[in-house]
Structures are given as structure tokens and as C-alpha cells.
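All remarks here apply to the structure that follows.
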């Protein structure tokens, strides 16, 4: 017992050091095994000291992590060049807000692809240079508060705040802004509680979509209603043109307003002209031993209980088949990801995010343009060697890997380059003529030329680099300031867990288009799916990191409620999941309400996808009626909205009985036409004027009976 007591005391001393945030340092890596016995003793202590259970469990994980890093450092200390030294492990307490008497500005962002975050950080960087006595903080909206009460408690303490808010899909907030947006838009009874807040909003959207910058507009309106003082008109960034120019114009309008708030009284000094630095990571080159460690780390990368974009599940492709007939000159793929035993789950109507690799031909072209070895193994660092941050604008670096892997997994190479990328290329162009041309394209004077030569021509980053061959940015610049991060592609899941619990089905049309420059654009993810090898064909099957994003595109909780589904082409995907779920209900004896599916394709002989399945759904009673529009069979083109008008009376009767309406597919064309048809049906069948009909349709949306999954 005395021995046990002594041992317990030493454990508590060790725990105290960890809790206080004091470094835990192993001076001799050879003694790493001793820490394994320490971990074992800690485990046994759990039984005797249950009050320390939570702390001890966490500490074991920390200690084991320390051991692994120490062993790796020791084994890789041969000929590595500029390998980062292992820093002492310090557990930091939660950062507390410190009132140092300085004025404070908070810059929030809600981003899906990183653009809003980039603009927020760019504003913060320049503002810090202009107003040195002010404290600026960049905040992810999802990290700002743990719950609704904390949102309100913290926001009412803000004096100056800026919101960078992207809108995507059917006028929806981004994933990291969804919780804030729901709370903020539902709080209509707060009164003018934000009278002390001065603010600005910059939105990111695409004018081709119906709900252009809806999220930014809604937040701006509510801020005014609740007493906040608008410093500058809401910025409406349009990604269909040059959103960087929109941001620049909004930012320039902001500075005079900020001067009146943040400049000290009597300070007449003119702000020093600010030039944004070209973003650059610090780069370390490693040897093969370091590469071996990272390969082991990546191989065990699925040990997560919660899967998201940062922690996806690497799923094998179980099934792949072509849905178009050989007569079709296009392609549509049915793909099934195997999630058996992973812990990854989904619900009918959810989306799956797929992180696909760039094509090898694309990567080869990038390697040629960079003129570097594909086997160069490196790591990126967002801080200097002394640990201080290089720039708050740098995105988190990806894990160490070789150059081919980095270009394959992480670099977006086929999108049109932003102006900031052209500036970065200009800084590393050895030919002065090329450097000046790149600078001109990125300048206000070159706005029209950039719009025509880059945006309208849809020139890819690699095409632009090929036009300026002397521009050879180093790795730190290329991955920080030239090539944006490759983003996941989202697909409506085309299955139901009631039928396919261990599979996620995807229905994907191949993207294969000729660009204005003559380049053939091959969609990154759709081409990967087209070329995927399923394990039903080979043990050496294809796999991809995936994760599930929840959706509100759900069937009514009451199965007897009528449903109207409208989805041409791959817009059929979520409705296939709906019908699988209804089939499972039918087979279990559940009574279903009326249902109709409006589907559209070009020709029955070419692209009537899932035709046999749809007929079986009708025969089983899972689907009451199937109405198909063929746009290329008759003398005139017929689309789903025409079929809707043919069934206007039936649709109105179903709506009158409480039906839910669902639309999935193209937001720019089809969804708008369907919306207009619905408006017309309400007018004609409901004997309403145009204003009342629009109000009726809007009420269907706000009450959750008119749902859209559009892109």
C-alpha cells in the first residue's frame, strides 16, 4: 500500500504540472519507454481515483502523443534539412478577453470555400497597419459562442464589427455561419439592443442565382432594425465577375468612416499607403525518413468518431455503373461508397462531400510549369522559426508530403486565378515584360482586360502560368498565394439508409466542356468518378475521403402528407433516396399519402436514368404518379415546368391538402422556371392576383413546405 501511495503522489505531481500548463519535457528520448509505464500506472489510478478520471484520460493521450513525436524526431535526425525541432508540450488555458484600454474591432466570417475568410483577414491586416492603437480580432462565426445565450451576451459588448458572409445553394448560410444565422434571424423580439454597435457587412454570392447575397442582405437589415449603426452600405460581392474588385471598392469606402472612429483626436497624420504582402509559408525540406513517418500517420487517419471536411472518412468505391445508354454522347455515373463499420451515418436527403484528386495529367502540367521534382518532400509552416505568426491571412497548412501529392490533393489548379495570384506570380517572374503584364492585369487600370482575358475566357491558373513561363513561384508562395485550396464537391445523396445503411449512393453527371480558350475542361470530381475502379471489379479499388453534411431537405414526418417532387437530370438524386425510404415504409405496412414525381431528360433511349427503378417504385406504391418530360423527342422542347402546368389542377389540390413541394437541380434556369410555374398555378387555380400569389408561395417556403436543393 505504501508503494502504491508513493506512486500515486508522483502521479498527482505530474498531473499538476500538466494542468498548470508547464512544459512536459523528455530530456533523453531513450527513456521514452519509461513514459509507457507511467501511462500504465495512470490507467490503474483511474480505478482508485475516479474523481480524476476525466483529467487522467486526457493526459494519457497527451503523453502518448509526446512519446510518438520524440521517437520520430530521434529516428529522423540524420540528414534532414531544416527539419522543425520538437517544441516542449504546453497545454494552454482558454484565452481570456483582456481589457487593455484599446479600442476593439471584431471581424467575423462565414465561409464555405475560404474566400470570405481571406477577405476578413485581408481587411484585418490592412486595418492593423492603419490603426496601430486598435486591437483587431478575426473570428469564425461558429467559434464565437457556444450557444444562443452566449451569442447575445457577447455581441451586445461589441463596439465595432464587420461581417463577411457568403451565400450558397438556395440562399443559405455557410456551414460555419448556419448556427449564428438561425439564432440572429429568429430573434425578432430583442428590440433595439445593438445601439452601441457600429458595423459593416460584405456579402459573397453570384448574381446568376436567384437569392443573390441573401444572407448578407438579411443580416444587414436585422442589424439596422435592432439599433446598430451602419458604417458603409452592404457590399454585394459577385463571384460571377471579379469579386476582388467588389471587395476593394467596399473597403475603400470604409476607411473614411473608420478614420472618424479609430483615429485619436488631433491625429491629422495621413495613413501610410498600404501594400498587401505576397503571402508565403515558411518551407522545410525533409528526407525519406520523415516521409515514412507521415505515410504511417496518414494511413491511420480515420480514427475519428465525428467526420467532417477536416476529418473525412476514406471510403472505398463499392459499385460504379454508367446510367446513360451507349447512344448518348454524355455520361452520368452511379457510384456507391462503402461506409460499413466506419461509424459514418447519414439521413435521407443529406449531402456527401467528396475530396477528389486532381487528374494526373493536370498535376504533370503543374510540375512542368513549376519546374520542380515531384519527389520533393516538404512541410509548410504558418509561423516563423521563433514561433511567431507570419501572417493572420495564411490558411492552415496541409500535412507534410511530396510535391506530387500536394498538387494532387490540395491545389486547385483549374479555376481562374484571382488578382492576388497574379501579383504573386509577378513578384517571381524573371522576365520584366511578363512581370509588368501580370501587374497590369491585377491593377485597377487593367480591370477590363482582366475581366475579358481571365474571367470571361475562363482561363485556368495553369493556362495563365503557361502564358508567363518565367513566373516560377517558390513552394511557400505557390501554395499560400497562387493556388487556392482544392475544395470538396458536394452531391445530394441518392439513397436512403433504410435501404442502403452501409452505402452512400451518388448520381453524378460528367463535366466535360470546351472553354472559350479552346481548352477542354474536365470536372475534377466527376472525371474521378468516371474513372473510378469499384471493388466489385478489383481489390485494388478506388477510394476517396468523404463526409456527410446535414440538410433540411427531408420528407414530412407524417408519411400520409402528400409530396410533389420536381427534379430533372441528376436533380432526381435525392428523390431516389426519398422513394427508397417510402418503399421501406410500404414494405413495413405504413400508409403513404399521395405523391408525384416530375422528371425530365432529353431522350428516353439515351438518358432516362433509373428508369426501371422508377417503374418499380410506381408498381410498389412508393410513388403514385410519374410524369416525364422529354426535351429532345418531339417537335417542341418539353420541360418539367410544362408538365407541371399540364397537372396544374392536381398540383393545386395536393397543395390545398397540405402537400410538401421539393425542387432539386439547376438554380440558374430550371428552379427559376419552376418557381414561376408555381406562381402561375397559385394565380390561376387559387384565383389570386400576382401579389397574393407571390405571398402564398413565399409562405410555403417560410413554413417549410416548399424546399429546394439547388446548385
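The backbone N, Cα and C atoms fix where each Cβ goes, glycine too.
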- Message: Quick check: of 255, 652, 711, which does Swiss-Prot put in the same FAD site as 489, 490, 491, 492, 507, 508, 509, 523, 524, 525, 526?
- Response: 711
- Item | Among ranges 10-30, 31-51, 52-72, whichever one Swiss-Prot labels transmembrane segment | 52-72
- For the binding-site residues 166, 524, which one has the sparsest Cβ surroundings, going by other Cβ atoms within 10 Å? 524
- Could you tell me the C-alpha distance between residue 641 (NADP(+) binding site) and residue 489 (FAD binding site) in angstrom, no decimals? 28
- Using the structure shown, find which entry in 209, 212, 491 (the binding-site residues) has the sparsest Cβ neighbourhood within 10 Å. 212
- Task: Check each residue in the chain of residue 111 (FMN binding site) that is at least six apart in sequence and keep those whose C-beta is under 8 Å from its C-beta; list them in sequence order.
- Result: 117, 164, 166, 174, 176, 177, 204
- Query: Among 206, 507, 641, all listed as binding-site residues, which has the most CB atoms within 10 Å of its CB?
  - Reply: 507
- Query: Reported as an integer number of Å, what is the Cα distance between residue 639 (NADP(+) binding site) and residue 509 (FAD binding site)?
  - Reply: 18
